[in-house]
Amino acid sequence: MPKSKELVSSSSSGSDSDSEVEKKLKRKKQAVPEKPVKKQKPGETSRALASSKQSSSSRDDNMFQIGKMRYVSVRDFKGKILIDIREYWMDSEGEMKPGRKGISLNMEQWSQLKEQISDIDDAVRKL
């Protein structure tokens, strides 16, 4: 157990050492306490794994690769169907995560894009 401020300062002989002791005490007080680790119950872990497996398998069914780590995916978000054209990246556990680069189209935007595909193809050929 550390000595109190009074005991340390009375036992030291110089004023320089007093200021050093005060600095050390302040540093100890400023040290950030470690965050407690939340423990998961065994039942919660298995439920979380089961739901993540279900969502990843349904996600894989609706993903279409169009390039290296680039996919078009169809998903439901808050009751609306979205078509994502997005880059993905691998996390440290080897799981694919969606990246920032990409776009989500609602059904109206997707329909407009499909209608204009032939015009877009023509523009590409001209270049």
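The count begins at 1 with the first shown residue.
A Cβ is built for glycine as well, from the same backbone N, Cα and C atoms used for every other residue.
Quick look at what Swiss-Prot annotates:
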COMPBIAS  7-16  compositional bias 'Low complexity'
COMPBIAS  46-57  compositional bias 'Low complexity'
CROSSLNK  Lys68  SUMO2 cross-link
CROSSLNK  Lys68  SUMO1 cross-link
MOD_RES   Ser4  phosphoserine
MOD_RES   Ser9  phosphoserine
MOD_RES   Ser10  phosphoserine
MOD_RES   Ser11  phosphoserine
MOD_RES   Ser13  phosphoserine
MOD_RES   Ser15  phosphoserine
MOD_RES   Ser17  phosphoserine
MOD_RES   Ser19  phosphoserine
MOD_RES   Ser55  phosphoserine
MOD_RES   Ser56  phosphoserine
MOD_RES   Ser57  phosphoserine
MOD_RES   Ser118  phosphoserine
REGION    1-50  region 'Regulatory'
REGION    1-63  region 'Disordered'
REGION    77-101  region 'Interaction with ssDNA'
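Within 10 Å of the C-beta of Lys68 (SUMO2 cross-link) there are 7 other C-beta atoms, taking all protein chains into account.
Comparing Lys68 (SUMO2 cross-link) with Ser118 (phosphoserine), their Cα atoms are 25 Å apart once rounded. Long-range Cβ contacts of the region 'Interaction with ssDNA' (77-101) within its own chain (Cβ-Cβ under 8 Å, at least 6 residues beyond either end) map to 66, 69-71, 107, 110. DSSP labels the residues of the region 'Interaction with ssDNA' (77-101) in these numbers: 0 helix, 18 strand, 7 coil. Other Cβ atoms within 10 Å of the Cβ of Ser118 (phosphoserine), summed over all protein chains shown, number 9.
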